[in-house]
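Beneath this line is the structure, given in structure tokens, with notes to follow.
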């Protein structure tokens, strides 16, 4: 017999029956009676005398005794003791015994007159015994119902019944049967069992029929502990079981899945000569089918047939249900035909189970076919049948057929209920069809069917899964407004959804709202919040929830720890991650692969190979089955760090365990070997893969090609590439990008572009990296033609970006190719791409590296004059000035631009640049001063020009005689004679020129020549 927990029954040693000696029955122990007797000890009427008067009156006026009693003073003298005396009053010559029914009528009439007292338990019990003695069982049942309500304690009730039996001399168990039945009818089946168990100490017992019925009720209630105790009681008091007893016991053993004990019951029945019937076999067959032991169930079907018993509809129904639930619906269909051939008509339940089986197997066509056969056989589908089909269609994603069936239900007179609608709504969400889900919700409301909490939980879960948690929050508000209280199944997906969408603060708000509403969060809620907070780095908050869940009695599982450990590692807190892992091990929670992978990768990042080794050993010690995924991570990281020796040790471990490394493991090894320039061993790995039947994939070849390209061996890389094509493998974007990059780095731009064209012809779309590689190649080679072609391709394929163009510009500037640079800038700006600060930096940087900073202004002027894009040119000019003001342009570059501006007549811009240089505490170069001086003289601003000479003198800037002559000559030849003379005199004054120098003589000759003219 299975060991089960105790029910409400107290241990025998603690049970006490309040039974006074039968020789002197007394009710003094009852509190109500005690109080009444004490209060009336001096003045109350004698109970026996009152009882005698009542008995006389009842015997004389049996027809109209109510009128006679009411018109007397008896009502005022009635007491519980008087009622007890009346009921147990023996018959005599002067006062014959009253009929129990008459006594019952008076008993019920007297109860209101005794209030607030109640008749003594003995009065109830004695009268019940008398009623049962007269076979008035229904009346006894009603009386005992009032008794157990007045006296809730089963021991008190049973003690009174036992005393009444003893006093009356009746030994019939009928009253005991009625008592047990009364407890059951009032829903107190456990008290019924307790009463039966208490009978053993009194030497009485209910009938076999009563015990059988009690066993059945205990089985239905799932009170298995009491069921076994009642059975023990029956055996202990010698009640011989019959076929019904055994059938119930067999069903009970099947319910707790103790089929060996159930089968022993059959053996015991045979040994006791208790004839087995169809019901007994059916119970065992049904139990076996429910547990999935269908083959064994068929064995007992054959056994019952061998015993001459004919399987009935229940037998076939149980077997068909078992086959259907075991995904053997086609066999169940054959059995259905056998059932019909045996003259048995399957009922709607049998058909419903078979149809449900087909739907579970995804065989909707056979399910519909069986439904038609069912109707043809005269069996109409019921709502359960329709619901099963609808549920199956929804699980298969056949929502159109489910909707049609919904309409068919209505036509057949079955109104869909909330459950039906919930199933279809859930199906729509499973198919990511929110629109139809909401349409059905509206249809449901219009039909007067109110959504329940589960309806809302489906909607909320569906919205959260589709990333619409805010809309789901609105539904929570709606259901609350309609008087429905959200539960954990409503809040949990909302918390999880907000976390997935990155709205962790909103998830915390939902959690707080949930707890304030006295809805206890479950483990899933806590895990969602802990994982969500950890993902965004709020580990401190997640640890608070971690502590809180344990305070509330929820034990963390591997997902809880995984979230926390991931969060710690994300924030670089490896120490706490290790502590959490140790807690897991200490509390018996087995870490999953994800945890170990996170920990191992963190050790690799910190280059702590010692801890990698110890963790790896710990995993082996714990008996964790390491798969290729974990081995692959170990080998990948070791290979990436160049530790090929350790990587090959792990490979040996894989082979030692009898496993075959997968293609990902080999790919990592090949990649690592190529990085360490061990190409020969990389090719050896390819050979080893072939020997072990592991077909290299494109990832392996990509790793090999990448290694060869990085080592500059493009010809060998191309050979491997051709081998890939020969093997029928399809190169991917990575393959082509690797080869293009390698070709560009060795300066073979032509081959790089050939590969690019081949890539396009193969239908492979280049990514941004391909274009960045080609851009770098064009820049290095200074190939303008290919660069212009590349710009067109980038625009065509949506990969145009200013960053790529900046790289091109820098490359051409670096090579000193100014005209090509201008051409590129014209093309770029003509397509509407606006240069940014980095463009200018690249131009300056490139020209600087080429030693041609003086050409900066040439490019900028050319850009300003271009008509390709006036807005872009204006933006370029404004951006350049902003960069100058912000100090992003070197002052020597700014200084070099002043003479160019002056030469073009842009004196204002030249002065503006001068102000910038001076504001930063620097000085202009001599050429810049002279250029501005020249422009001022030409503008008639001679005084300002002379101020510049003074400023130069103050800053100790002295131009050479040649520079002075150039300025003077330019002024003189341009007709600015007055300005020439004044500037010349100032130069002599400041000794920039000497009177006897050849430059002065030359200048004087020029002057005399001009005067003569």
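Here, residue 1 is simply the first one shown, and the rest follow in order.
Positions of Cβ are set from backbone N, Cα and C atoms, glycine also.
Where the annotation comes from TrEMBL, it is an automatic prediction and has not been curated.
What TrEMBL lists as compositional bias 'Low complexity' is 24-44.
The region 'Disordered' annotation in TrEMBL covers 1-44.
If you look up TrEMBL, you'll see 242-276 (among others) marked as repeat 'PPR'. Across the repeat 'PPR' (242-276), the DSSP tally of helix, strand and coil residues reads 26 helix, 0 strand, 9 coil.
Non-local neighbours of the repeat 'PPR' (277-311) in the same chain are 243, 246-247, 250-251, 253-255, 257, 259, 262-263, 266, 269, 318-319, 321-323, 325-326, 328, 342; each lies 6+ residues outside the stretch with a CB under 8 Å from one of its CB atoms. If you look up TrEMBL, you'll see 277-311 (among others) marked as repeat 'PPR'.
Nonlocal intrachain contacts for the repeat 'PPR' (312-346), taken as residues 6+ away from its ends with a CB within less than 8 angstroms of a stretch CB, comprise 278, 281-282, 285-286, 288-290, 292, 294, 297-298, 301, 304, 353-354, 356-358, 360-361, 363, 366, 370, 374, 377, 379. Look at TrEMBL and you will find 312-346 (among others) tagged as repeat 'PPR'.
Sequence annotations record features per position, and here TrEMBL assigns repeat 'PPR' to 347-381 (among others). Nonlocal intrachain contacts for the repeat 'PPR' (347-381), taken as residues 6+ away from its ends with a CB within less than 8 angstroms of a stretch CB, comprise 313, 316-317, 320-321, 323-325, 327-330, 332-333, 336, 339-340, 388-389, 391-393, 395-396, 398, 401, 412.
What TrEMBL lists as repeat 'PPR' is 452-486 (among others). Across the repeat 'PPR' (452-486), mean pLDDT in this model comes to 89.
As annotated by TrEMBL, repeat 'PPR' applies to 557-591 (among others). Within the chain carrying the repeat 'PPR' (557-591), a Cβ under 8 angstroms from the stretch's Cβ atoms is held by residues 523, 526-527, 530-531, 533-535, 537-539, 542-543, 546, 549, 598-599, 602, 606, 622, 624, all 6 or more beyond its ends.
Within the chain, the repeat 'PPR' (627-661) has long-range Cβ neighbours (under 8 A, six or more residues past its boundaries) at 593, 596-597, 600-601, 604, 607, 609, 612, 616, 619, 668-669, 671-673, 675-676, 678, 692-694. Feature annotation from TrEMBL assigns repeat 'PPR' to 627-661 (among others).
TrEMBL lists 662-696 (among others) with the feature repeat 'PPR'. Counting residue by residue with DSSP, the repeat 'PPR' (662-696) contains 26 helix, 0 strand, 9 coil.
Within its own chain, the repeat 'PPR' (697-731) has Cβ neighbours under 8 Å at 663-664, 666-668, 670-671, 673-675, 677, 679, 682-683, 686, 689, 738-739, 741-743, 745-746, 748, 751, 762, 764, counting only residues six or more beyond its boundaries. Residues annotated as repeat 'PPR' in TrEMBL: 697-731 (among others).
The list of residues near the repeat 'PPR' (732-766) in space but at least 6 beyond its ends in sequence, with Cβ under 8 angstroms from a Cβ of it, reads 698, 701-702, 705-706, 708-710, 712, 714, 717-718, 721, 724, 773-774, 776-778, 780-781, 783, 786, 789, 797, 799. The feature repeat 'PPR' is assigned by TrEMBL to 732-766 (among others).
According to TrEMBL, the feature repeat 'PPR' maps to 801-835 (among others).
Long-range contacts of the repeat 'PPR' (925-959) within its own chain (CB-CB distance under 8 A, at least 6 residues past either end) are made by residues 892, 895-896, 898-899, 902-903, 905, 907, 910-911, 914, 966-967, 970-971, 974, 976, 978-979, 982-983, 986-987, 990, 992. According to TrEMBL, the repeat 'PPR' annotation covers 925-959 (among others).
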DSSP-derived helix, strand and coil totals, residue by residue, for the repeat 'PPR' (627-661): 26 helix, 0 strand, 9 coil
Per-state residue totals over the repeat 'PPR' (452-486) - DSSP helix, strand, coil: 26 helix, 0 strand, 9 coil
Helix, strand and coil residues within the repeat 'PPR' (312-346) as assigned by DSSP: 26 helix, 0 strand, 9 coil
